[in-house]
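Asker: Before I ask anything, here is the structure I am working with.
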């Protein structure tokens, strides 16, 4: 733009110079014309003086010369005025151009100032970017350090949690007395330390002396925890939940419900009679058992572990051991075999169900309940004649590459009553079932006793049940026996047998 104004300025100056040159030429011709006219007059005067009779130029000729001179003069004036007007227009254009040029210069100065401002801002931004990059690098380093410390803290938490569980005992026995119903007289039970440790249970039973005198004998029992009839499902779960955390930490965990038929084993594990796994409206409430509570607790804990970089997957199996044979409660296979791979046991041909949410377990329980072997006995018109085993395999993966792989077994054992109490002796099929049940329970007791005493040999192969649960009944695994007790006076003998059985397992 500046160059265009410069070219226009030079053109105007050239026109002005040309007009001045033409004006100078006109003045020069005027001067020469005047000189010629003067010379003519002077010559005429001289000739008139020399020859008085000569008249010289006549007036007509002089008038012609004057008229011509006048025309030339007027023409020059016209041209001069035209050029002056053109010059004025050019001067006006020059002024406009000068003003525009001034505005351009002003705009250029403003742009230069803006460019300088932007360059300064860019330099400041670059400096700030470098500072932010350095700050981000430092923050990233701090995050990596904190993540490393968090991982160390999480590993320490796992170790300490496991140490606490080991100090409390990898093999524990909890006793729970179910509330009495309108079924007759109740056993006289006492809880000496109910307000403190809640580990003592006393049973007052009638007896006879050697002389036949009637008396009352107090039987003393001690366990890791004792739940009186007033204990709720939530109370039981609260004491069990720390074992469930061990599953997420990678430790096999098994919870048995042991006791005679009708003592509350299934109630403790699955829920009360009003809980129907086919009816979703009954899935939530105070009466649901350990299995659904465990599912929700594990899912919530797995979600909480995501901040530590852990992700978990869950898959379930549900089988029963009936007459020392394994059957799938979720599929159609009635004879399944146990295969041990590493630290895990796998039931071949048994259906494995991936779980996407805790509620998926309820559908499995509903399917399994329809298939489980039950029969009427003197103890219960719908007595479980098999051991039900719910297996939840939990796999965890951490972003740093660490992994965990553990299985939670929740086992609802068949009724532990003696042959005479169950009335099975007169029925060959019931007799066979009772003998198989008692054999597997005895084998389980032997395994737990061997684990409690850290014996070199653990008799896993003595029954299909213990062979199935071998990985979860090994050193380092967590095992809990929930001893279910009936408060009825008519069940006193079975209650004492169950208490003695569990006490032997702790010795």
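Heads up, the Cβ atoms here are built off N, Cα and C, so glycines get one too.
These figures come from a predicted structure and were not determined experimentally.
Summarising the annotation, TrEMBL assigns ATP binding site to 259, 260, 261, 262, 263, 264, 265, 266. The annotation coiled coil is assigned in TrEMBL to 73-100, 129-170. Look at TrEMBL and you will find 170-507 tagged as domain 'Kinesin motor'.
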Asker: Using all protein chains in view, find how many other C-beta atoms are within 10 Å of the C-beta of residue 266 (ATP binding site).
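Answerer: The answer is 20.
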Asker: Given the binding-site residues 260, 261, 263, which one is most crowded in terms of C-beta atoms within 10 angstroms?
Answerer: 263
Asker: Please list, in sequence order, the residues in the chain of residue 264 (ATP binding site) that are at least six apart in sequence and whose C-beta is under 8 Å away from its C-beta.
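Answerer: Listed in sequence order, they are 176, 178, 484, 485, 486.
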Asker: Which chain-mates of residue 259 (ATP binding site) that are at least 6 residues away have a CB under 8 A from its CB, listed by sequence?
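Answerer: Listed in sequence order: 265, 413, 415, 416, 483, 484, 485, 486, 498.
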Asker: If you count, for each of the binding-site residues 262, 265, the other Cβ atoms lying within 10 Å of its Cβ, which residue has the minimum?
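Answerer: Counting other Cβ atoms within 10 Å of each of the binding-site residues 262, 265, the minimum falls on 262.
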Asker: Reduce the DSSP letter at residue 260 (ATP binding site) to three states and note it down.
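Answerer: Assignment for residue 260 (ATP binding site) reads coil.
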